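Engineer: When I checked Swiss-Prot for this same protein, it listed these features:
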BINDING   GLY63, TRP65, ASP83, ASP99, ASP124  S-adenosyl-L-methionine binding site
ACT_SITE  LYS164  active site, proton acceptor
Amino acid sequence: MSGKKRTASSSRWMQEHFDDHYVKLAQKRGLRSRAAFKIEEIQEKDKLIRPGMTVVDLGAAPGGWSQVAVKLAGDKGKVIACDILPMDPIVGVDFLQGDFREEKVLDALLTRVGDAKVDVVLSDMAPNMSGTGGVDQPRAMYLVELALDMCHQVLAPNGCFAVKVFQGEGFDEYMKAVKEAFKTVKTRKPDSSRPRSREVYLVATGYKL
């Protein structure tokens with residue numbers, strides 16, 4: 001690919017990015033990413049987070065979901081966040097930087113959770129996309145499987161789970177596994193999710209031990 005083509009492609013992306021209504025709105029409201037609107041839309045429909053709850057936020061950086069979660073959970077709530085990337089501090093959020101796929105990071109996260117059960121597990125995790133579906137989709141499905149496994153380890157009875165999933169190979173099987181673990185599972189496509197994206201959010205409530 002020539003430099004000229006790269007420049008043209010980058011310019012189109014930048015134009016789309018800066019013209020994006022949700023990016024501008026996030027900047028105006030002091031939110032760290034447009035992703036914050038996705039969890040706000042889910043919260044508006046499904047009322048997952050209430051004051052005093054303990055929330056785990058996986059794939060948290062740069063912190064859009066954690067910003068929303070800590071506001072909803074309030075002073076008596078608790079938000080524990082994890083990401084492989086660094087994240088600037090958010091008051092009320094206990095952040096762990098590390099690769100969630102690694103056992104030592106999972107152990108450190110479980111230590112921070114402690115003996116108390118968690119009310120909500122959020123996951124906006126996604127792999128670095130290569131553009132090759134046969135590579136990207138298995139990586140994405142592996143992350144959501146780890147997120148569901150986290151639910152099995154820490155979620156309280158009747159707890160909630162919201163997870164980003166990319167439609168494709170393995171999606172139906174994953175949906176089945178989530179339905180087996182929760183009383184109710186809904187598929188959400190927030191308005192703030194770009195229409196061309198294959199991402200959807202599974203919102204599961206009523207965790208069954």
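Cβ atoms are placed via backbone N, Cα and C, with glycine included.
Distances, neighbours, how buried they are, the whole picture for these features please.
Structural biologist: Less than 8 angstroms from the CB of ASP124 (S-adenosyl-L-methionine binding site) sit ALA35, LYS38, ILE39, ASP57, LEU58, GLY59, ALA60, TRP65, LYS164, each of them six or more residues away in the same chain.
Over all protein chains present, the Cβ of LYS164 (active site, proton acceptor) has 23 other Cβ atoms lying within 10 Å.
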Engineer: Please give the maximum pairwise Cα distance, in Å and rounded to a whole number, for the S-adenosyl-L-methionine-binding set GLY63, TRP65, ASP83, ASP99, ASP124.
Structural biologist: 18
Engineer: I want to check the contact list for ASP83 (S-adenosyl-L-methionine binding site): same chain, sequence separation of six or more, C-beta distance under 8 angstroms. What comes out?
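Structural biologist: Listed in sequence order, they are LEU58, GLY59, ALA60, ALA61, PHE95, GLN97, PHE100.
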